[in-house]
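Working notes, structure below.
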Amino acid sequence: MNRRTRQVNYFLSGQYFSYGLRTTVSILLPALVLAQFGQLVPGMAMSMGALSVSLSDAPGPIQHRRNGMAATVLLGFLVAIVTGFARMNDYTLGLEILLFGFLFSMLAVFGTRATSVGTAAILIMILTLDRPLNPVGVLREAGLILAGSVWYSAISLLVSQLQPYRPAQQALGLCIHEIAKFMGIKADFYNTATELDTDYRRLVTQQVTVSEKQDEVRDLLFKNRQFVAESTTTSRLLVLTFVDVVDLYEQIVTMYYDYAAIRERFGQTGVLDTIARLIRRLSTELDHIGLAIQAVVPHRRKSIDFTEALNKLKGEIDLLGDQEGSTLVLKKILVSLRNISQRLATMQAHIAEPDTNPTSLDDLQYGRFVSHQAIDLQSLRNNLTLASSVFRHSVRVALAMLLGYVVTQLLDYGHHSYWVLLTISVILKPAFSLTKQRNFERIIGTFAGGLIGLAILTFIPNKTTHFVLMVLFMLGTYSAQRVNYIIMVICLTPYILILFNFLGISYFGAAEERLFDTILGGIIAFTASYLIFPRWESEQLSKPLRDILVANVRYLQMLLTVLSGKPISVVDYKLARKEVYVTSANLSAAFERMVSEPKHKQRNERLVYNFVVLNHILSANVATVTSTLLTDEPRSYAPALLRPIKRALFTLSESLRRLDDTIEKPSIEVSGTTLSGVDAPPATADDRLFIEQLNFIQQVSGDISKLVDQLKTS
């Protein structure tokens, strides 16, 4: 199966297409059924309710989804009533837009799902503020929205009951897919034709995506009673496969070497091209495993045996001998590739023949790997300050929407002025870079989608064809909603134009009005993001910088403990590893947002980029050494081997204190161990590379310390 076919299969069997199909059916059916009885308008009100609840139905534990949908159902009903009566007076409606825009945006304090609930409530407010209804009509409209909301919730929960493991399978498959991409990027480091700087940028960007997908899987597996309390073959298979996947990801990350030196020493031998090709083949095989887990129909294919390819690589390395200097580093790469190949074979065996014997998952201590979001008023009160990014964003949204409302009242143009508020609400994001990106994608997508819609309605007169295309555009809209915004907008615009044509509204006028309102809303959102309490990433980088240093200090402490001959808990090690990956991804994401902001608002972008790369190199090398030591019997190493790590730990601790004086200096002593080295075994022949790695960790820590000094003084 080639790459394009795999991509199509991933999409069709993935969570985004499933969500799109469920949402399309839930929105379309009420309007279609009631239209048969001459009640299209009530049917569209029900569809509006279904649409609002779908926004809060993001992947996650069933109890979280149920609570999120219940909150959306209740809020949507209340907001529809309040808006219906508030719109009877322009000033009252303006006050409602201001208050609701602020309050519902503040729900972001309680996490991503609460943010979606707030977005859904704002959507109901916007879509109902242009409906001229009497008091009885307001209550009827709110009741229909409530019915549509309950309708969608019932369908979603029914699907979850019929396919309880499907969301986890889809999330795990997508996670593996992203790790396979990460591995493919790793192959480019052995390609002398690529720029290492470009490779690192791609790697750290992909690392952010992998971290997000791993968090999604953790939430689905470790916060769901079906996986942690009920022991079934499927649940054990998914949990244990995820554990294997995270360990595999560590092996891929630890495949770090001095790529510049390797390229210089072995670039002309051809062996690096062989390594790159083998890594790509392994990443392709991993991609097939992800698809096998995610696919609705079991994805049967014969697994590839990499023994011959690995032996061929070994032969090429052996032929080099000492003509290009020591080939020990190439042999280490070969060992890493063998380990990855063996882990892939193990994962394939588990999928092909799941272990039906009861297996206890208690040793995983899964509860320590997930965080829990408290829902309380104290959290809300604590964020009612300009120091809170959520508060700033909420004020920004409220004022921007109020301005949009005032402008639409002053401009006597069009009949769908709520599109301006809708554009503002979906474009305006907490980060300026995201608002800028959404703005561009919204305008380009609206223009492109408008051309597509006009072409269809102008040159294809058949109404049946129009309906089929509208359904396909609906499916594309909701399938792309969570993954590709510009594709969503491109599909959304012709979907709306065709719908308006069915309602007897001029599609040319609607297209012109939609483009105008999109541009107007985009201008207001962009201006608000720049002028109203902006929070530039350069002003917020100190926290992710501190966090990654703290995580790497803990990681180094683990390594020092192991070197001292003291055993450590595997779970504690994996927690430290997870913290490094998460904080590294957070810093990378913050850096990417910063470089998308106005140039004069960026600070030390080159220094921060070097900091990101060096911390990635440091954590990869620490993981390489620690994971190797954990497979051996515990023993105490000579003081000469501990010295570089103790110095590295001291250097990073001092750097951390320079970044934040309030942080307590982490201890670098390992209690209960003797570091005299009297009983330490003598060094072996392989210790030379081992010592080089330890010294390299010290060197990278020193380079990070220098960067911290430059960041503090610049």
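Cβ atoms here come from the backbone N, Cα and C positions, even for glycine.
Remember, TrEMBL labels are computer predictions, not curated facts.
These features come from TrEMBL:
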DOMAIN    72-349  domain 'Integral membrane protein YccS N-terminal'
DOMAIN    405-527  domain 'Integral membrane bound transporter'
TRANSMEM  68-86  transmembrane segment
TRANSMEM  98-126  transmembrane segment
TRANSMEM  444-462  transmembrane segment
TRANSMEM  482-503  transmembrane segment
TRANSMEM  515-533  transmembrane segment
Other parts of the chain folded back onto the transmembrane segment (515-533), taken as Cβ under 8 Å at six or more residues beyond its ends: 386, 392, 395-397, 399-400, 403-404, 407, 413-414, 416-417, 419-424, 427-429, 432, 435-436, 439, 442-443, 446-447, 450, 598
Tertiary contacts of the transmembrane segment (444-462) (same chain, 6+ residues out, Cβ under 8 Å): 469, 485-498, 501, 507-508, 511, 514-515, 518
Secondary structure tally of the domain 'Integral membrane bound transporter' (405-527) (DSSP, helix then strand then coil): 101 helix, 0 strand, 22 coil
Beyond the flanks of the transmembrane segment (482-503) by at least 6 residues, Cβ under 8 Å: 16, 19, 58, 438, 441-442, 444-446, 448-450, 452-454, 456-457, 463, 466-467, 469-470, 473-474, 476, 510-511, 514
Chain residues outside the transmembrane segment (98-126) and at least six past its termini with a C-beta under 8 angstroms from it: 48-49, 51-53, 55-56, 58, 60, 64-65, 68, 71-72, 75-76, 79-80, 82-83, 145, 373, 375, 379-380, 383, 388, 390-391, 393-395, 397-402, 418, 421-422, 425, 430
